[in-house]
Amino acid sequence: MKYTRVLLKLSGEALMGSQGYGIDPEIVHSIAEDVAKVVASGTQLAIVVGGGNIFRGLKGSAAGMDRATADYVGMLATVMNAITLQDGLERAGVPTRVQTAIAMQEVAEPYIRRKAMRHLEKGRVVVFGAGCGNPFFTTDTTAALRAAEINADVVFKATKVDGVYDKDPAKHPDAVKHDHLSYQDVLSGELGVMDATAISLCKENNIPIVVFDLFEPGNIGKAVAGEPIGSRIGNPV
């Protein structure tokens, strides 16, 4: 099964590679090359990017910042990542538009659903920045929301691990990977894949989620082609 329209969720942490902070140009280049191949095959691709490599609202809140203020700072961090991704994608020959949920017309278009869909139909990648524009909502929830709005076939959550495990594989060598999970399995199991709001939105709109390793070259293309990589979350077959 080949997906026609895909929403790719990238965490901010994924962009920093092994640096511990900021953006690794090599990672951006690698992602751009993979995305270029996928778009050339005819797949429509939208991206939601996080901002945790620059600023994380929850950490700011824990350090004493007002939670809403911290979340707004985090949203601005996602815009920095979105513009950086746009640059990398366009250098790889992929026409790209950035749309933000907070207006900043000098650097990006405002988020307009119908315009985003038109860009996708014309073969452009759309990178969504500034989360959903509201504090207290994660970028995972934004990914689920935008996927529903643009009628995406699937949400890809590209991460540092190759799927969903019953416990953290970095800490537990005996962790077991799940190939298939229902939305309810994730909600009741507290597996930490996405927050409950994001999972619930996907469940309500019957949008499957595929979790896979971003750093394995070609994985985005394999996921688009429907190859059995990572872990798939959806309704029971």
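Backbone N, Cα and C atoms are what each Cβ position is placed from, and that goes for glycine too.
Long-range Cβ proximity for SER11 (ATP binding site), meaning a same-chain Cβ under 8 A and a gap of 6 or more residues, is found for VAL49, GLY50, GLY52, THR139, ALA158, THR159. Under the heading ATP binding site, Swiss-Prot lists LYS9, LEU10, SER11, GLY12, GLY52, ARG56, THR159, TYR165, ASP168, citing sequence analysis as support.
The annotation UMP binding site is assigned in Swiss-Prot to GLY51, ASP71, CYS132, GLY133, ASN134, PRO135, PHE136, PHE137, THR138, THR139. Its Cβ taken as reference, ASN134 (UMP binding site) is surrounded by 15 other Cβ atoms within 10 Å in the chains shown.
Taken from Swiss-Prot, the feature region 'Involved in allosteric activation by GTP' covers 17-22. The helix, strand and coil residue counts that DSSP assigns across the region 'Involved in allosteric activation by GTP' (17-22) are 0 helix, 0 strand, 6 coil.
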PLDDT averaged over the residues of the region 'Involved in allosteric activation by GTP' (17-22): 88
Those residues of the chain, 6+ apart, with a Cβ under 8 Å from that of THR138 (UMP binding site): GLY131, MET194, ASP195, THR197, ALA198
Local Cβ density at GLY51 (UMP binding site) - other Cβ atoms counted within 10 Å: 27
SER11 (ATP binding site): secondary structure state under DSSP, collapsed to three categories: coil
Local Cβ density at THR159 (ATP binding site) - other Cβ atoms counted within 10 Å: 20
